[in-house]
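For reference, the structure discussed in these notes is given below.
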Ligand SMILES: O=c1ccn([C@H]2C[C@H](O)[C@@H](COP(=O)(O)OP(=O)(O)OP(=O)(O)O)O2)c(=O)[nH]1
Ligand SMILES: [Mg+2]
């Protein structure tokens, strides 16, 4: 069953949509009056003109697009960005240009993608000890050593 999500679109761009039947994400477009230049290593907060009301128990994740990353070195700095269900402000995308060349972002460019996810809430049980496991405290490349 699809989940209904209220949306206000103050941009001239079409609503985000699933490009294929199996797509996990919907591309999100920049909402800009004029094109902007991103210098190498510059980061920018890009407006989208979108305001959403995510149902309680869900979040929206803002993730980078692989094509922008491999072709232009542009990615989301805070990936995955978190859109809380109680956020009512404009969705904005924090882009960074990790290439050595400047990039130009135009109004309507697909700059990121949004994935809706379920969120589990927890309560803490303070404890003195945790259960034993074969991994124990190993991490950070601890497995597979001969
Ligand atoms: O890529 C993003 C990330 C966040 N947000 C908005 C929605 C989110 O609900 C809110 C807060 O995001 P986050 O919790 O990541 O930022 P924070 O630095 O912890 O700010 P706050 O103290 O407002 O939670 O900012 C965006 O529009 N785009
Ligand atoms: Mg926060």
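In case you wondered, yes, glycine gets a Cβ from its N, Cα and C as well.
All TrEMBL annotations are machine predictions without curation.
Note that this is a predicted model, so its numbers are computed, not measured.
Long-range Cβ proximity for residue 78 (substrate binding site), meaning a same-chain Cβ under 8 A and a gap of 6 or more residues, is found for 62, 94. Marked as substrate binding site by TrEMBL: 65, 66, 67, 78, 82, 83, 84.
The domain 'dUTPase-like' annotation in TrEMBL covers 14-144.
Per-residue pLDDT, averaged along the domain 'dUTPase-like' (14-144), amounts to 98 for this model. Taking the Cβ of residue 65 (substrate binding site) as reference, residues of its chain lying under 8 Å away and at least six apart in sequence are, in sequence order, 27, 110, 111, 112, 113. Cβ neighbours of residue 83 (substrate binding site) (same chain, under 8 Å, six or more residues apart in sequence): 52, 54, 59, 60, 61, 62, 91, 114. Checked against ligand 1, the binding-site residues 65, 66, 67, 82, 84 give 82, 84 in sequence order as having a Cβ less than 6 Å away from one of its atoms. Residue 84 (substrate binding site) falls within neither a helix nor a strand when secondary structure is assigned with DSSP, and so counts as coil.
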